[in-house]
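Here is what TrEMBL says about this protein:
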REGION    1-23  region 'Disordered'
DOMAIN    48-219  domain 'MENTAL'
TRANSMEM  55-76  transmembrane segment
TRANSMEM  96-116  transmembrane segment
TRANSMEM  123-145  transmembrane segment
TRANSMEM  151-171  transmembrane segment
REGION    204-234  region 'Disordered'
Amino acid sequence: MNRIPADAENAHSSSVDSCPSLRDVHSINPTHLMARIESYEGREKKGISDVRRTFCLFVTFDLLFITLLWIIELNVKGGIETTLEKEVLHYDYSSSYFDIFLLAVFRFKVLILAYAMCRLRHWWAIAFTTAVTSAFLLAKVIISQLFSQGAFGYVLPIISFILAWIETWFLDFKVLPQEAEEENRFLIAQDASERAALLHPGVLSDGQFYSPPESVAGSDEDSEEKQDSEKPIV
């Protein structure tokens, strides 16, 4: 005799346990998920992400800053035309700063081509440019006579070296991880939207809801009286 209430109690507890999962399912907002997916697709259509655009701006700043320092160095040595002819036409590895400027142009072209135009998602391009820059500057500092030419003998190589490594750090620790995280979020949101579409196939219209008319109080008594009045009198 006690078996039936026990089964009913187990069924009630299982239904209660299933309520959180149902609440979690119905808590999914397909509109919000689709908005997130559309925003991500809109960013993809723009070309590059915001963090990658910031990286490209920093690469451009690297080139412009090295160019500015090189022009200042040309003016300090006795005029742009005279010094430019000496450093470019009569290039000397041990005393010219023209190669440091060309090194900045090399970094700019490779990095913009790889990460802005080709939208590369790997670190090999920045590793190549940083390795070439570091090796060239170390060799130039050891072999050349830049330290005997004043402050610019220290400033240009050191700043060029620091900017190259800042670009490497920014790409490896900011650009690539953030873009990978955004892509994972997009995939998760897309998967959740597909599941939500299966759980919510469509929005119910007003015509699909039907509520029976309310019964009028005393209608049963009226019907009984009507039946009694219609009975024939014997």
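Heads up, residue numbers simply count up from 1 along the chain you see.
For all residues, glycine too, the Cβ spot is worked out from N, Cα and C.
A TrEMBL annotation is a machine prediction, not a hand-curated record.
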Interface present between the transmembrane segment (151-171) and the transmembrane segment (55-76) (three or more C-beta pairs under 8 A): yes
Long-range Cβ neighbours of the transmembrane segment (123-145) (under 8 Å; 6 or more residues past either end): 93-95, 99-100, 103, 106-107, 110-111, 114-115, 157, 160-161, 164-165, 167-168, 171-172, 176
Taken over the domain 'MENTAL' (48-219), the model's mean pLDDT: 85
